[in-house]
Structure formats: C-alpha cells, structure tokens
Amino acid sequence: MRVTEQWTEHHPPQVRRLRPQLAVVTWTIIAVCAAVWLGELMLPGFYEQVALSPAIGRHEPWRFLTSAFAHDRYSIMHIAFNMLALWSVGQWMEPALGRARYAALYLLSALGGGVGFVLLANPGSRGWVTGVVGASGAVFGLFGATLPMYKHIGASSRSMWGVLAINAAISFTLPNIAWQAHLGGFLTGLLVGQLMMVAVRETWRGKPNRTWPWLALVGLALILSLLAKYALTSA
C-alpha cells in the first residue's frame, strides 16, 4: 500500500481515482487459473491440452498463453504460491498502471516466459518434449516491472531485490522448476515496465503516448525470436 501512495503523489488526478478500484484483472486471472486447475483434476487429458513444450509449441502456439493459466495438478502449493504472489503485487500495481496496461504487462510477461523457456531449451534433449505449466513466468514479469516503477517514484527497491534473490535461489536449486521461463518473464516485465514509465514521463512533457506501439513491438520481438529459434532447430 505504501508504494501506491508514493506513486500517486507523483501522478495526475486521474491516476488517484484508480486507487480505490477493485483489482478486477488480478482477481479474474486468479479465477481463471483456479478454474483451469480444477479442469485439470476433473477432465482427463485436459492438462495435456494446455501444457507447453518446445516441440509442441511450434505447431500449437496458443500453448504459450494457456500454459500460463495452468498449474501442477498434483500440487495445490504450486497454484497457491503463484496466486498469492500475483495478488500481493497485483493489488497495487493494477490500480497504478490501469487495467489495460496491467493486463498487457501480464500477458506479455507470460508470453516472454514461454519464449524464454523455448529459447534456452536444447533441441533433442528431454526438456524439448517436457511440458511446463504455471503463472510464475508472468508473476516474475510483474516483479521485473516493479523495479522501473519504484525508480520512477523514488522508492527503494531493496525489498524487491530480496524477493527476487529468494525466488532465484528456489528456481535454481529445487527440481522440476523451469527457471528459463522465470528469467524470460522477468526480463520481459522489466522491459515493459521501463517502456511504460518512459511513456508516462513523455506524456507529462506533452508528447504523444507511445505505450501501445512500444508494447506491440515487444510482442513482435518475442514472436520473431521464437520463430528464429524454431527455424534454426529445423535447419
């Protein structure tokens, strides 16, 4: 909450009006993830239809997003920790950015997580055909976006670096965790957050708001890097 208050001190009145709003996008994502997780438990073969593996992603690209709403069907802790992390950041970030920008940040980070997983996967290895699921890539993207946002309002980012250090340690030490997706999501969120803050400052100077063109370029860059990876693996 303190971050939100600091944010509004440096923003025009229309941003202040966003503060009391319910984090609709965040709660919608949580509801969708919960519904998908229940679907995995109740519907045979559902998990296999939403999980992402580099080999299948080449032919079924929608999995780069569907996998970000699915979780390990045998572990309630997987979805619980991801949704708790999402809520802890989303409850203040969504009102600060606005619903549309926040949703774009989340989806681009989810895509960036999937792309990162594929880019760092080794064709021919077991990882190339292993399915992954989870919102952690997108959540790491939200973590990444907090850094330029904190800098923008002059707040200390030490606490977030601590959170990142703990999560990085978990990602690299525990088995069956796709650290590549965490890295891809984090870097995507960091870039998107920085572009959004630059757009805010330019708007204050009377320049056109270029948020959406920049976000479109980020999405295009992710897609092109993915196509390049697949082209190289099939060459």
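Glycine too: its Cβ is placed from the backbone N, Cα and C atoms.
According to TrEMBL, the transmembrane segment annotation covers 21-39, 102-121, 127-147, 183-200, 212-232. The annotation domain 'Peptidase S54 rhomboid' is assigned in TrEMBL to 59-196.
Within the chain, the transmembrane segment (21-39) has long-range Cβ neighbours (under 8 A, six or more residues past its boundaries) at 46, 50, 66, 69-71, 73, 79, 82-83, 86-87, 90-91, 94-95, 99, 102-103, 106, 135. A Cβ distance under 8 Å defines the sequence-distant neighbours of the transmembrane segment (212-232), meaning residues of its chain 6+ beyond its ends; these are 58, 64, 104, 108, 111-112, 115, 118-119, 188, 191-192, 195, 199. For the domain 'Peptidase S54 rhomboid' (59-196), the model gives a mean pLDDT of 91. DSSP states for the domain 'Peptidase S54 rhomboid' (59-196), grouped as helix (H, G, I), strand (E, B) and coil, give 105 helix, 1 strand, 32 coil.
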